[in-house]
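Trainee: Input: one structure, supplied below.
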Amino acid sequence: MGNQSLVVLTESKGEYENETELPVKKSSRDNNIGESLTATAFTQSEDEMVDSNQKWQNPNYFKYAWQEYLFIFTCMISQLLNQAGTTQTLSIMNILSDSFGSEGNSKSWLMASFPLVSGSFILISGRLGDIYGLKKMLLVGYVLVIIWSLICGITKYSGSDTFFIISRAFQGLGIAFVLPNVLGIIGNIYVGGTFRKNIVISFVGAMAPIGATLGCLFAGLIGTEDPKQWPWAFYAYSIAAFINFVLSIYAIPSTIPTNIHHFSMDWIGSVLGVIGLILLNFVWNQAPISGWNQAYIIVILIISVIFLVVFIIYEIRFAKTPLLPRAVIKDRHMIQIMLALFFGWGSFGIFTFYYFQFQLNIRQYTALWAGGTYFMFLIWGIIAALLVGFTIKNVSPSVFLFFSMVAFNVGSIMASVTPVHETYFRTQLGTMIILSFGMDLSFPASSIIFSDNLPMEYQGMAGSLVNTVVNYSMSLCLGMGATVETQVNSDGKHLLKGYRGAQYLGIGLASLACMISGLYMVESFIKGRRARAAAEYDCTVA
């Protein structure tokens with residue numbers, strides 16, 4: 001059984017002819033990460049994982065327990081800032097629109113610009129971290145976040161919503177360099193498959209609902225107290241980022257191995273991918289404002305598709321060091337996981353925006369009360385994330401992934417039928433609790449899958465994969481939701497009808513996520529059963 005387990009682990013990590021050189025592909029079986037990760041969960045012991053990863057583990061990363069705790073704290077705050085940055089405009093979107101004199105249809109850009117850029121650049125930032133140093137890229141990201149968060153507040157005095165939206169985009173660019181490199185550092189420091197690593201990733205995942213809650217709540221508090229002081233929501237965000245920047249300098253080890261396989265950056269693929277992603281996202285978020293009948297919208301859409309098709313072909317056939325390892329690109333199970341995350345979090349992005357539209361414009365809540373209704377995310381999100389950390393050794397990640405998509409679907413359905421005059425403590429309270437499990441089962445489970453089953457030299461990229469899908473899908477699908485809204489709201493005369501229409505699209509996306517993740521879960525169980533049977537047979541023969 002020990003030999004069988006070691007073989008499975010070698011397959012899941014990527015088998016190399018020489019560990020000091022670039023990985024050499026031996027066979028299609030060696031590169032089928034999706035199959036090996038399932039078998040690993042059933043046949044591999046923790047001790048074997050430690051031994052096989054010893055080359056990558058430095059026992060002197062932390063001399064004292066408090067150093068490790070401080071490191072974990074800085075990682076958690078990084079995730080908090082990511083989600084807070086996404087939601088901090090939601091509770092004050094009407095205040096921002098009034099301040100800049102924005103048109104109603106352009107409100108989606110107040111939220112979408114941040115995840116658009118962060119989602120488009122995260123994959124590149126993770127690869128840059130793998131090549132030039134995870135900690136270096138993390139600190140670069142914080143510098144960008146600090147500067148552009150301050151500029152977001154200063155844009156008030158320009159009176160230009162375009163300037164604000166661009167500043168939000170650069171704020172998202174900074175976050176793109178923070179979170180994937182944080183997860184990459186965790187992947188390098190902690191041994192894959194161990195309880196310690198799982199619980200740390202779960203702690204980081206638990207910060208998503210906390211960040212989402214604090215972002216909209218704090219901004220709502222400032223906006224309700226004095227709408228003219230809304231820039232302080234961004235000044236405070238910048239201060240928090242600066243504090244964590246300083247802590248990260250001292251808390252994050254500087255001895256993490258950097259690019260020992262001498263990879264180079266795939267600049268051609270990076271340019272093709274980023275341009276394609278940004279243009280596609282721009283089209284979907286701008287079309288509801290300008291109209292799909294505009295020639296430039298159609299032209300940009302065609303150009304974006306061409307860039308993305310060329311990017312995929314280049315990465316598969318021509319790139320010497322592709323942004324995505326070919327084992328991931330060609331592995332059906334990895335694609336399944338990413339598609340499930342895309343549709344699930346896309347539906348959540350639609351819910352998030354139209355939830356606040358519903359609260360502010362239909363129920364006429366104040367910015368503070370609208371932000372305060374997110375409080376259930378804080379409580380139940382922590383519970384959900386810790387549930388993953390404490391049970392992941394006994395429950396397949398595919399199970400958590402499936403039920404997280406079910407939570408996204410059920411939450412979207414409940415949001416689409418919430419009565420206007422019903423108290424918050426009925427349907428909406430239940431919706432928030434259920435959606436908490438959508439967020440905080442999917443993020444830790446998928447992060448653990450990718451981190452444990454990719455080689456250590458790809459840990460920055462492993463963190464990038466999950467965050468790219470999460471952030472980009474929230475922005476892109478929001479544009480799709482806005483398109484549906486504008487088509488059914490009778491030129492803004494029936495707001496509720498438009499909001500419901502967007503939520504129905506979210507239900508459709510979440511349903512697709514359920515089907516894809518359900519198929520992956522069933523296949524995982526079948527392969528796990530086969531792996532156990534093979535292991536038992538080996539023991540019997542021995």
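Including glycine, each Cβ sits where the backbone N, Cα and C put it.
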Trainee: If you check the topology given in Swiss-Prot, are LYS330 and TYR424 found on the same side of the membrane?
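Mentor: Membrane side for LYS330 and TYR424, as annotated in Swiss-Prot: different.
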Trainee: Out of ASN394, ASN471, which one does Swiss-Prot list as N-linked glycosylation site?
Mentor: ASN471
Trainee: Measure from the Cβ of ASN471 (N-linked glycosylation site) and count the other Cβ atoms within 10 Å, all protein chains considered.
Mentor: 27
Trainee: Is ASN471 (N-linked glycosylation site) helix, strand or coil when read with DSSP?
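Mentor: Looking at the DSSP assignment, ASN471 (N-linked glycosylation site) belongs to a helix.
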Trainee: Who are the long-range neighbours of the transmembrane segment (109-129) in its own chain, taking Cβ under 8 Å and residues 6 or more past its ends?
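Mentor: 82, 85-87, 89-90, 93, 96-97, 102, 136-138, 141, 161, 164-166, 168-173, 175-177, 179-181, 184, 265-266, 270, 273-274, 277-278, 281-282, 285, 289, 323-324, 349, 352-353, 460-465, 467-476, 478-479.
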Trainee: Summarise the topological domain 'Cytoplasmic' (284-295) by DSSP state, stating how many residues are helix, strand and coil.
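Mentor: Breakdown, helix to coil: 8 helix, 0 strand, 4 coil.
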Trainee: With pairs closer than 6 in sequence left out, are the transmembrane segment (400-420) and the transmembrane segment (137-157) joined by 3 or more CB pairs under 8 Å?
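Mentor: Contact absent: fewer than 3 Cβ pairs fall under 8 Å.
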